[in-house]
Amino acid sequence: MIRVRAVVYPGASFPEYQTLGSSGADLRAFLPGGPLEVHPLGRVLVPTGVCVELPVGLEMQIRPRSGLALEYGVTVLNSPGTIDADYRGEIRVLLVNLGLAAFVVSHGDRIAQAVISSVLRVEYVRSGSISLTERGKGGYGSTGVL
């Protein structure tokens, strides 16, 4: 098992897996000063009170929690958010409310999940052309919508 060093502010919650098979560890809101209200179509940057030291070659992806999306229309706006191995600041989660009613985020609420992933770096090489494929330049919807 890979160990990731974490600094957790007093009163904040350590990232935690809910089940043995969970791929994402829940991140909780760190709001000791009181709750935040997210209006419909509004967005808010929610602190977690957690800083991590990821080994080079790993990243942390900040992903939505399915229950928040289903029940309230609340999701992570820049999903997945990326925490790079050289970032040492507090993890903050950009939530957006796509629902019809205001949503309140309170201290300790589970707001996102953190998934650790390997990073493969490549060298981009300038070229005058790239190989042709059957798909070609077909983009959004080119292979069918449903």
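Heads up, the Cβ atoms here are built off N, Cα and C, so glycines get one too.
Taken from Swiss-Prot, the feature substrate binding site applies to R65, S66, G67, N78, T82, I83, D84. Within 10 Å of the C-beta of D84 (substrate binding site) we count 12 further C-beta atoms, all protein chains included.
For I83 (substrate binding site), other Cβ atoms within 10 Å of its Cβ number 22. Secondary structure from DSSP puts S66 (substrate binding site) in a helix. Residues near N78 (substrate binding site) in space but far in sequence (CB under 8 A, at least 6 apart, same chain), listed by position: L94. Within the same chain, residues at least six positions away from T82 (substrate binding site) with a Cβ under 8 Å of its Cβ are E59, M60, Q61, I62.
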